[in-house]
């Protein structure tokens, strides 16, 4: 933040452009409006002194696309001058927001500098004079754009900035003569990189389709055979007696696939004994096989993050000597934990760090498509990033085929760090639904069972399932899925395949137009026992949280949109009181998010613009927050909309604005001015509360 921008933000803290209303000075028309709003359903009750009765309906077209600008202008010109100009309504999801936002993003990565020069290590460039990138720092210094600010968050915090001369805050750590990146080591503050970065070797193997999925493919074949036999047996002989089931247990262990009462894990290891000459060694070594030469052992070991037995240094523990079999899963206590829902676009790593600071206990990454992961797409693997502060972290997978899901879990199990896997059966997006994933997978119960059983046998982490009440309104089927999944057990230890259900109290068709059906969530929670079930929907205050927790049989509540609008909701739940957070505290929260974004996406031009766009996406939810001090009654409900109001200072008023142009002003206070051709359209339109 530059000096002028800092002064501007401080002035907003203390200025109040709009005087507070006094009842004695208001005319009868305004008072009647106020009384009507108090009794109108779905309307948030704002104190009389903060209501903006004279609000001018305005629609700024400053950062809209040319098509939308023309449409708004034509609509306003066609109206009668005596009438109030109509406001163009934006509803639902912006399906072209990516195209519009990308159109205004200029390519500033034309510096052509060598990677090693940027990081400050020219001598490390293996190509030297043959390098196709430039090593000339002085030439780039002559045309380097002006810095946004003189203070770099990464340098001030950790003593080094990995973006070197490209950093737009680089005055403090760039030599103005040579352009070299200055590093000041600080022992007390060591930069810890996020976990789950995509290893180069793994990326190479995935893109060339050379990753070895023998384990996953073999398990899928066994699962398909067993589930098919079970379904045929049930269809042909629905009244199987207990004596028949008991007799099956005396079959020889070599009859792989013939014993219906055995778990897939036992069948799999029996198959290994028949095919592998040394099953003990096979179970202790990694299942990753590549086309890299045998003598290149270091690269093969790079592909997996698991410790290889008997090759570690230091004290040997049970974890080093005894590798967990899939039947020996790590268990997580899910009872009454504060769980942040996986949120597409806005549930990124910087946002999860903010929620962790406010008391969130369980976090989950954004929805990842299995087909994209298996193709080695960099942007999809970015969704798996985990910050060290995330103590319990899950990866959410979305897919429609048992082979892709199982292969993905094998690849994750061998290369990445996470605590549980969440299977997305709740995504309502049509693009996902038409591919048979998301909500659609619950309509294919046989495929769904194959996926869950195969993943459970392969993974040493818990498996959770996220559901909606159903596809269509008034046609709930979540109870059927829960009852079916509850019956999937491992015979040897009687453990369930699924460790947790999370149920959103709305159908795919309903989306966010109505309140969540917590009565149905309660019914499903009773049915799922002893497997824990978390309810999702309309949790916006600590009163909502404890009411749902005490009046239903759920094991906890997952928080989604409530955390987007007020991330400090986790603190309110822990302390059990409403927090009247000030505008300056909220602005400091945005400043922390911007710093975390620069740390995560980079402090060069492309990183700043990426941080700005994700921050704008978040502000498209944040503006819906109504300060506690302005409300007539508590608690405020999630879907209640307020009349036009002004805040206790200009910054609070600016943060409550519905205009994209005002959101851009907030980002300019943190990340500098935008270019003249900058355009932004949120994924969910500005006035849509869903």
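Glycine residues also receive a Cβ, built from the backbone N, Cα and C atoms like all the rest.
It is 151-176, from the ranges 47-72, 73-98, 151-176, that TrEMBL records as zinc finger. Segment annotation: TrEMBL labels region 'Disordered' over residues 276-306 (candidates 183-213, 276-306). Looking at 15-45, 108-138, the range annotated in TrEMBL as zinc finger turns out to be 108-138.
Cross-referencing 231-258, 315-342 with TrEMBL places the feature region 'Disordered' at 231-258. The zinc finger (151-176): residue composition by secondary structure is 12 helix, 1 strand, 13 coil, according to DSSP.
Over the zinc finger (108-138), the average per-residue pLDDT in this prediction is 72.
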